[in-house]
Amino acid sequence: MTMSRGMLTLGVLVAGLVASVSARVTRPEIRLSDAAARTLLSASDHTYKVHEKVPLYANKVGPFHNPSETYQYYDLPFCPSEGGAGYKPEDLGEVLEGDRMVGTPYDVSFRVDRDNESLCRKELNAKDLKKFRKAVKDDYYFQMYYDDLPIWGFIGKIEKILKPGQPEMRYYLFTHVHFDIAYNNDRVIEINVSTDPLRTVDITDGDSVNVEFSYSVKWKETHIPFDRRMEKYSRYSFLPQHLEIHWFSIINSCVTVLLLTGFLATILMRVLKNDFIKYSRDDEVAEEQEETGWKYIHGDVFRFPRNISLFCAVIGTGTQLFAMVLFVFMLALVGVFYPYNRGALLTACIVLYALTSGIAGYVAANNYRQMGGENWVRNVLLTGSLFCGPMFITFSFLNTVAIAYRSTAALPFGTICVILIIWGLVTFPLTVLGGIAGKNSKSEFNAPCRTTKYPREIPSLPWYRRALPQMCMAGFLPFSAIYIELYYIFASVWGHKVYTIYSILFIVFIILVIVTAFITIALTYFQLAVEDHEWWWRAVYCGGSTGLFIYGYCFYYYYARSDMSGFMQTSFFFGYMFTICYGFFLMLGNIGFRASLIFVRHIYRAIKCE
């Protein structure tokens, strides 16, 4: 009971830390005016009166094909807001996504039409023109939020003028923005933004250009209810033909699962049945046969693996990640992660990882004690750093790159401190508490067969039965069951699509788990059949090898299916995907080992071991 109260207290603490960070991760030196405060009060329930100002925040700008390379809106010389830019307080997940919401000078009041309203007149000097030219050349977009509805637009356009000899590239800056807004009673339902291609300024040449920025607003009534206003973004992201591809992917995966289970049911079970009959014969018949097969390594099959501390840490961390993924799916299926609920997924991952760290400590320490380990402190420390360590190293490098680029992807110092506090006050203590509970657990391993004092020599095996070829075979089948869905996931994470079909994704995840378990069982049987009793680590390698295939797919996606470029985007893509695939390796390796352990216990319990 004391430990349960302690975990509950830590859970409340991490929730309070995440909730309180929203007021501290942005710029504390900038305070909102009284009018802005009243606007935020109205925006909290999304109801407005006629002529009441609706908050319009600019979020960020950046190259369209490099989603991680984002910059603050006023890094480009746009018209400044009157009285200085007011930054909107943001929560932890929004800051992690690189959001930096800042006020704009646009006056888009509720149900007030405007026609060709001047925003400001500016003289762009050579430095300003250089920034805008680079933005137009790199296909920069801007993102804004109007009453929490996202809108996007482009900074400018490039035109190729054909001339004798060599074509000439001209850079044009959009100077007029038009807002089309739909309302239902006193609520904003939909907003679209467009730029006028005829109202541009040529910024190709010269050191100084006079520019007038302007905008217009058009309101129209709609009958779409407020609670359905986010459905537009889901429909835009996945059209009916895309949905058909999703279902085709699931059917393809289900066929793969049925074929695999059919293979195991017919081949393995028949082979095992023959094995059971052969091993159950009388001694007279047994004398005439050569001693081969998995029965004759019964004295070694439950011999604990090398590096048991690392092995138990892998199993504990993999169990934690599996539990965290299941909890994330539960939140997704009940509708927590609706489109453009900014940062909700990242916040949920951080909180759930912190709260499930006790699972890793308990599982690792409990297995370590069962295997005869004594240095449980070292085991707990290894478990707590097995995933966090590589992730922290990767984050440190990538955050340094983002700081060098002056990108919004660089986390502020205050946010880093909050994450470290969550790890120090919640994640690590829960890991230690779980380790103490696992160390004091009374459960035993209870192997069906007694382990001999000296290990049996493993016979010479052909090359295709070694670890690396087995991993290739084990990872290919689960990867083939999910690779169609991977494209849509990558297009969402590393693009501008929105993934909302979590039910389909959950089905694909369950298929992945089943296929991984079955293929690892099959390969474990084949390994034991040739009298190779060192199956513990091999089961982890074979189960987790799908993570290596996913990382290999990253190279294909980057070079063949995307237009990402530049050192920052490349390092972010391969750096963070390495961390994700490493997590998949640990999670699926744990699944592969547990499935193999159940199978090995079952077959050796069914025979008489002397």
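Glycine is no exception: its Cβ is also placed from the backbone N, Cα and C atoms.
Unlike curated entries, TrEMBL annotations are predicted automatically.
What TrEMBL records for 1-23 is signal peptide.
Summarising the annotation, TrEMBL assigns transmembrane segment to 247-272 (among others). Long-range contacts of the transmembrane segment (247-272) within its own chain (CB-CB distance under 8 A, at least 6 residues past either end) are made by residues 477, 480-482, 484-485, 504, 507-508, 511, 514-515, 518-519, 521-522, 525, 603.
The transmembrane segment annotation in TrEMBL covers 310-338 (among others).
The transmembrane segment annotation in TrEMBL covers 344-364 (among others).
Taken from TrEMBL, the feature transmembrane segment covers 376-398 (among others).
According to TrEMBL, the feature transmembrane segment maps to 410-433 (among others).
If you look up TrEMBL, you'll see 471-490 (among others) marked as transmembrane segment.
Beyond its flanks by at least six residues, the transmembrane segment (502-526) meets 246-247, 249-250, 253-254, 256-257, 260-261, 263-264, 268, 271-272, 294, 325, 329, 332-333, 337, 465, 470, 473-474, 477-478, 481-482, 485, 489, 535, 538-539, 542-543, 546, 588, 591-596, 599-600, 603 of its own chain at Cβ-Cβ distances under 8 Å. Under the heading transmembrane segment, TrEMBL lists 502-526 (among others).
Same-chain residues lying 6 or more positions outside the transmembrane segment (538-559) and placing a CB less than 8 Å from one of its CB atoms are 311, 314-315, 318, 467, 470-472, 474-476, 478-479, 483, 486-487, 490, 494, 512, 516-517, 519-520, 523-524, 527, 570, 573-574, 577-578, 580-593, 595-597. Summarising the annotation, TrEMBL assigns transmembrane segment to 538-559 (among others).
Under 8 Å from some Cβ of the transmembrane segment (571-593) lie the Cβ atoms of residues 68-69, 314-315, 317-319, 321-322, 325, 386-387, 390-391, 394, 397-398, 401-402, 409, 474, 478, 494, 512-513, 516-517, 520, 536, 539-548, 550-551, 554, 558, 564, all in the same chain and six or more residues away from its ends. Sequence annotations record features per position, and here TrEMBL assigns transmembrane segment to 571-593 (among others).
The listed stretches are 310-338, 344-364, 471-490; of these, 310-338 has the most Cβ pairs under 8 Å to the transmembrane segment (376-398).
Beyond the ends of the transmembrane segment (471-490), by six or more residues, the same chain brings 238, 242, 245-246, 248-249, 252-253, 256-257, 260, 497, 499, 504-505, 508, 511-512, 515-516, 519-520, 523, 541-543, 545-550, 553, 557, 561-562, 588, 592 to within a C-beta distance below 8 angstroms of the stretch.
Taking Cβ pairs closer than 8 Å, the transmembrane segment (310-338) reaches residues 230, 344-345, 348-349, 352-353, 356-357, 359-365, 367-368, 371, 373, 379, 382-383, 386-387, 500, 502-503, 505-506, 509, 536-537, 540, 544, 583, 586-591, 593-594 in its own chain, all 6 or more past its ends.
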